Amino acid sequence: MKLAVACDHAGFELKEKVKRQLESEGHGVEDFGCYNTESCDYPDYARKLCEAVLGNMCERGVLICGSGLGMSYTANRYKGIRAALCLNTYMAEMSRAHNNSNVLVLGSRIIDFPAAKDILRVWMETPFEGGRHLRRIRKIDGEE
Ligand code: RB5
């Protein structure tokens, strides 16, 4: 799968690990920054990633900041983005199966890499169930 990743300074180290993990599994990864731990503004990087997903350059994306909150607030302002801040594998599974999340958000100050890796694996592997859940996510965008 072609994936986008992006982060702010707080998420940089975890983003590098997540990127290497995805690449080692054979996924294509487009890295929209940031590229170091210098202080920067998470909305700038959320925007780049959301535009890549909405423009179909990437199928899905992973956003990382310190708490995960700023990235998720920002990403969910983009119509068509369903960004899921996941703290555990149950949230990752439900965000895919029921909500068809197309962006996974991680908080680097909340979870470590082993936890992030588990969350990522479940999020990547879980399909959307469709059916009644499709009707519900269409209502998010005012389409039903
Ligand atoms: C940066 O200190 C921090 O505010 C940011 O990474 C994020 O957690 C914001 O929601």
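The backbone N, Cα and C atoms fix where each Cβ goes, glycine too.
All annotation found in TrEMBL is predicted automatically rather than curated by experts.
Counting only same-chain residues six or more apart in sequence, the Cβ atoms lying under 8 angstroms from the Cβ of R136 (D-ribulose 5-phosphate binding site) belong to H98. Annotated D-ribulose 5-phosphate binding site per TrEMBL: D8, H9, G66, S67, G68, L69, G70, N99, R109, R132, R136, in sequence order.
In sequence order, C7, D8, A10, G11, Y42, M71, V105, G107, S108 make up the list of same-chain residues 6 or more apart from C65 (active site, proton acceptor) whose Cβ falls under 8 Å from its Cβ. Residues annotated as active site, proton acceptor in TrEMBL: C65.
Summarising the annotation, TrEMBL assigns active site, proton donor to H98. The 10 Å shell around the Cβ of H98 (active site, proton donor) contains 15 further Cβ atoms across the protein chains shown.
With a CB cut-off of under 6 A applied against ligand 1, none of the recorded positions G68, H98, R109, R136 are retained. G66 (D-ribulose 5-phosphate binding site) is surrounded by 18 other CB atoms, counting those within 10 A of its CB over all protein chains shown.
Least crowded of the binding-site residues (G68, G70), judged by neighbouring Cβ atoms within 10 Å of its own Cβ: G70.
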